[in-house]
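**Student:** Positions annotated as transmembrane segment by TrEMBL: 6-24, 44-63, 69-96, 122-150, 156-175, 182-200, 231-249, 261-286, 325-350, 371-393, 399-419, 431-455. Annotation source TrEMBL lists region 'Disordered' at 554-582, 621-668. Under the heading compositional bias 'Low complexity', TrEMBL lists 624-633.
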């Protein structure tokens, strides 16, 4: 029978969330731009940022899964709290500062900068599937929860929740998602903690301390020697596989500063761990309770584990071990947790599609308005897709598990390389790494998808179909696949670089145009001869501006405005003695050959972020106003080399070096 008061409480909660989402959507500057919608104009403050970062991780799957893990396998196998907490900390240490400092818009931007648009589109597939399947999985969990507590129709609850999340995300972008996360996290905290005292004092609940003496109801669990490999594998999967997700980097990149992005990660890591305490206690209460003394036991004559409803222990404890009024608050907490994850996943997947697939692959000249409308349509499509999957696919959680593994073994190694070791990877290595990781991970099998393993790693244990025992991979094969992917990326990149540069392979075979057969708009700058210099023309500067604006990295020093941030003109802000744009200055001494070679090697990988700084370090161009990073066309149409001048003492200025004299440079 439908619980009217429960329905009223859910409706009130949804109205509150919807109102906050619409209000937050009006907080934007009103500018219709990618950064405004996708990243809230990079204007998320510390308080809201901490809440939205924490709420994104503390979702429906997090609190339900934590309670289920305690109930079924014990505390030692409940790895999500510390795993995701460490993931946020590791992300802050190794990725947040660099990604925010470079001014990227999505997680896929550095991957497409390094490997090209089409390879970036291929890497988009596991990222998209992970986000969509995750949203579908938690929506399905919410439908099951509402059907248990208030007897609400499962399909109705899933569709209603998805529509509300999609509506305010569509209306306000990240502003709406971030501010509703604040409300949702507060609801989770209050709702769960309110249920715990009532559940502990229920007559059916046992003692948490005395249960430790009884192995049948021990909620701590045990870790057997043969399970060490699996435990380590899952732990590393959570820590490092939790980093390459757009929902995380969307918060990082929306921070006002790079330092702020790091602080958000650290504080959210602590918050994520603390928010696991209530579901841990609820799972322990479910383990030590005598379910035969509850209405659930009277109805079914067994506990949730015997009925195969271990994944429902959190809502079942709320429903059967607390008063109805309290359980409604707990239900609001579960609903809040689900929506805080679903809206973030929908926005993240839509942002990546609109920017990294639609714009950078199909419509390079698309306007800001066009991209925003594509993203809004994508929000609706992704939300609808997740809803349909939640209602129709029984093994949706298994699909998400497989996708999260693919994010770990495919995306993490590639993101690590392009952020920290960009000169040691190229598109050939990326593609080989992708295929290698995909093959070996699928070869390891997946029980939730009934996918049998065709690769038997060490310590493999075969299953027994007659007894219903599934095969086990005791070896940490997921981490092994990730390390293989990382090694393949570096090795194949180095091999192809050597094959092309040594002349063993002709440049025409560089089909990906990333080693030697580079398009005209990405040609390397040749090492300048002594006494020569390259002048950047206005056309070249405009070209770099266009490239960087497309990549979302705008340097204020090269904006079209003549006014600087302090209201002074560029000329008046110029330090005394600084060269003007285009002015030829002279500097004594030759550029050391070692420095020139270092600059040339830096540019050999065609890295947009490294080419111009390499020229500046080599001394062929002095650093005037800040330059935009970008690949260089050298010598492109419109550029010119100025005089070859003999030294005063007749020294040669050829490629073999010179003695004495003056070297001329162009200040930009």
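Residue positions begin at 1 at the first shown residue.
Here the Cβ of each residue, glycine as well, is placed from N, Cα and C on the backbone.
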**Student:** In the same chain, who gets a Cβ under 8 Å from the transmembrane segment (371-393) while lying at least 6 residues past its ends?
**Tutor:** 32-34, 37-38, 131-133, 135-137, 139-140, 143, 154-155, 158-159, 162-163, 165-166, 169-170, 342, 345-347, 349-351, 353-355, 358-359, 399
**Student:** Which range out of 6-24, 44-63, 69-96, 399-419 gives the transmembrane segment (325-350) the most CB pairs under 8 Å?
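**Tutor:** Checked against 6-24, 44-63, 69-96, 399-419; highest Cβ contact count belongs to 44-63.
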**Student:** Would you say the transmembrane segment (431-455) and the transmembrane segment (231-249) are in contact under the rule of three or more C-beta pairs closer than 8 Å, pairs 6 or more apart in sequence?
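**Tutor:** Judged by the Cβ rule, the two regions do not touch, with the required three close pairs absent.
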**Student:** By Cβ distance under 8 Å, which residues at least 6 away from the ends of the transmembrane segment (399-419) in the same chain are close to it?
**Tutor:** 94-95, 98-99, 107, 110-111, 113-115, 123, 126-127, 129-130, 133-134, 136-137, 237, 240-241, 243-245, 389, 393, 425, 430, 433-434, 437-438, 440-441, 446, 448-449, 451, 478, 481-482, 485-486, 489-490
**Student:** Would you kindly check 122-150, 156-175, 261-286 and say which stretch has the most C-beta pairs under 8 angstroms to the transmembrane segment (182-200)?
**Tutor:** 261-286
**Student:** Could you tell me what the rest of the chain brings near the transmembrane segment (156-175), counting residues at least six beyond its ends with Cβ under 8 Å?
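**Tutor:** Residues 14, 17-18, 20-22, 24-28, 36-40, 44, 139-140, 142-143, 146-147, 250, 254, 335, 338-339, 342-343, 346-347, 376, 379-380, 383-384, 386-387, 390-391.
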